[in-house]
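Features as listed in TrEMBL:
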type	residues	note
ACT_SITE	Glu104	active site, nucleophile
ACT_SITE	Glu108	active site, proton donor
DOMAIN	16-218	domain 'GH16'
CARBOHYD	Asn112	N-linked glycosylation site
SIGNAL	1-20	signal peptide
Amino acid sequence: MDRSTLILSLLFTLTISTTTLFSPVFCGTFDTEFDITWGDGRGKVLNNGELLTLSLDRASGSGFQTKKEYLFGKIDMQLKLVPGNSAGTVTAYYLKSKGDTWDEIDFEFLGNLTGDPYTMHTNVYTQGKGDREQQFHLWFDPTADFHTYSVLWNPHHIVFMVDDIPVREFKNLQHMGIPYPKLQPMRLYSSLWNADQWATRGGLVKTDWSKAPFTASYRNFRADACVSSGGRSSCPAGSPRWFSQRLDLTAADKMRVVQRKYMVYNYCTDTKRFPQGFPKECRH
């Protein structure tokens with residue numbers, strides 16, 4: 001067993017105690033649960049609604065969104081990212097509310113030259129304020145197969161997960177005066193677009209349009225979530241365990257392993273950016 005396989009096996013073993021706590025999830029097909037919102041045909045629903053692809057070429061990218069809005073939930077999606085030379089491309093996968101003081105929970109996957117790792121960029125916006133970036137390199141090739149990227153969002157915290165492995169937690173620290181997303185319902189969005197002015201090595205590596213079209217694929221959308229409509233939220237029957245779920249000691253240890261080995265940027269350690277002191281949430 002090579003080193004990377006051993007690390008992944010260890011992380012997966014540590015995950016089991018957390019993943020078994022979640023209640024069964026609702027699964028929907030892409031044709032019933034999503035709208036392709038832009039791209040002039042570059043977004044496609046295939047295989048009887050079981051697969052969705054987004055494409056990017058020199059003329060345009062593409063994107064989609066859920067028909068429903070959610071207020072708390074466990075959201076899962078399997079993605080297979082743009083293979084080969086993906087430099088300059090960004091695959092964004094995020095939850096976002098409406099308005100000028102929006103809330104947002106972001107995954108963004110920044111492409112790279114063939115053989116170099118993707119950067120998984122995460123961010124949290126509350127009431128229109130973001131600037132909470134953490135970035136990771138993954139312990140596998142995200143273009144070779146599908147992997148599950150999840151958000152657990154409940155009144156206690158937001159947890160970003162990869163293949164059910166927690167990689168980041170944003171806690172509800174309202175008692176410290178830090179806004180937390182809890183009132184604004186969010187829709188799930190995804191888009192594939194060109195960002196070669198900044199995405200790869202700060203914009204030094206540009207998109208190679210001879211490799212276009214670039215394509216990302218999606219499958220196995222699952223939402224165990226409270227659905228919001230007309231100012232009211234309807235939650236799954238019974239008492240969904242994700243609603244009160246917190247990270248136990250095993251899950252917290254597992255997250256620290258991931259952050260120690262794979263985190264490549266953390267706003268909470270960027271002294272140049274915050275010379276007067278780090279944001280208050282960085283202390284917890």
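Even glycines carry a Cβ here, placed using N, Cα and C.
Summarising the environment of Glu108 (active site, proton donor), the number of other Cβ atoms within 10 Å of its Cβ, over all protein chains shown, is 19. On the backbone, the CA of Asn112 (N-linked glycosylation site) and the CA of Glu104 (active site, nucleophile) stand 25 Å apart. Sequence-distant neighbours of Glu104 (active site, nucleophile) (same chain, 6+ residues apart, CB-CB distance under 8 A): Tyr94, Leu95, Lys96, Ser97, Asn123, Val124, Tyr125, Gly130, Met186. The residue listed as 'N-linked glycosylation site': 21 other CB atoms within 10 A of its CB, across all protein chains.
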